[in-house]
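Asker: The following feature annotations were taken from TrEMBL:
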type     : residues : note
DOMAIN   : 339-461  : domain 'SSD'
REGION   : 1-70     : region 'Disordered'
TRANSMEM : 338-356  : transmembrane segment
TRANSMEM : 368-390  : transmembrane segment
TRANSMEM : 396-422  : transmembrane segment
Amino acid sequence: MISSKVAPGEEEQGESPSKVELGEAEEQREAPLEGQLEAVPLDEAGPSWTTGPPLERLPPLGQEAPPPRRCHTNCLEAPLSRGFQRFGATVGANPWLFLLGPALLTASLGTGLIFLPKEKENLEEQYTPIGSPAKAERRFVQGHFSTNDTYRFSASRTSSETNFASILVVSLANSLLEPEIFKEVSKLDQAVQALKVVQENGTQILYQEVCAKYKTLCVPPNPLLFSWQHNSSLNLSDLTFPIHNTPTQLIYLAGFFGGNVLGQMTGKSQRLVESRAMRLLYYLKTEDPEDSERSQAWLTHFLDHFNDMKSSLTLEEIEVVYFSSLSRQLEFEATSKTVIPLFHLAYILIILFAVVSCSRLDCIRNKMCVAVFGVFSVAMSVVSGFGLMLHLGVPFVIIVANSPFLILGVGVDDMFIMISAWQKTSLSESIRERLSNSYSKALLLEQINDSITALGKNLEM
């Protein structure tokens, strides 16, 4: 048997083999050979091409590796951000090109504003779909059921809106079915038909020239009033509704009288006891473009002088209101004309708000001039956009005159985002680098913001 004990002299001369080997190994680990790189602990070394980023390193033994990513959520954001970053670098490298280029482009596209329409717009053409089924069906009806407003006009056969003037007469008493009230209504009717327009060349436009006719007579504005004017002995207290039968003709009253009180049945109609309101409808020629233009001139004169005419008649028994086929169009134009003068005031307030918001006590970080040019850039975009559309022949609708307010709000919002991104860049970087970093974040955020806003508006519609 071999003993494991060692003599005392031998123990002093050397250490055990295991301790010697461990000591040499530690010395080799602590003092690397010449020409070799010093080893650095993994926690201090950080990511390298051999180990990879910390998230991609192999997990310690005994732990399971996380599942690899199957999809990336920045598949759209990353290329857009890189594209905007390159664009910002291009702008920073060529500032004069992007300063003078938009100004010249705005000046050239702004010439399209000379094509702004001066004539009155057609509401049906501007606000209804071009190829709608309703218009196709109307063309079918017009092709098979023709009308002629110069000889055989019939209001029930009209398939499109005609030129007309409507007057609503309301009695101050319980009923207007009295001879005294009919005399006032008749006086009003005669005053309306006596209106005439004097054109610039001296020619006159009379109501009898522009009224829609049945055979040789103008279509009466109210059939019962027309019958009473030709037969003042007509008994107004013995009328039937909706059709009144006289020895010579049938008078259709539905649609011309309102606030009715009906009595007992008389055949297929009922006795008309009381009626509070009456309507006068003056139909004018519409089919021929020249006749329609003359009719609209008469309607404009009617709207301009009706209040003066009503005051001169001194009506005591009735109240009168009026409406015409041009009223909606004139209201649209009046609304836009009242808003446009406020546009200058809105621009001044927005400029002041932008300047105050971007002002700083530090002259280096002060962005007052940037805010002024940002608002001015919005104005240039409005001129360029409107001018381009007019050059392409897109019809101008008066209601879009209010759109610069919306464009101004979106443009100033984007300007604030750009300034915020610029102020987050480092002052030690060059202009090109700062613009590149600003565009990569700000323009992407603006596009997302505008897209979400447009999507929300479309969903509301």
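Cβ atoms are placed via backbone N, Cα and C, with glycine included.
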Asker: I need to check the long-range neighbours of the transmembrane segment (368-390): which residues 6 or more away from its ends have a CB within less than 8 Å of a CB in the stretch?
Answerer: 102-103, 105-106, 109-113, 115-116, 347, 350-351, 354-355, 357-359, 396, 403-404, 407-408, 411-412, 415, 418-419
Asker: For the domain 'SSD' (339-461), give the DSSP counts of helix residues, strand residues and coil residues.
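Answerer: Its residues divide into 100 helix, 0 strand, 23 coil.
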Asker: Across the domain 'SSD' (339-461), what does the pLDDT come to on average, as a whole number?
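Answerer: Averaged over the domain 'SSD' (339-461), per-residue pLDDT gives 78.
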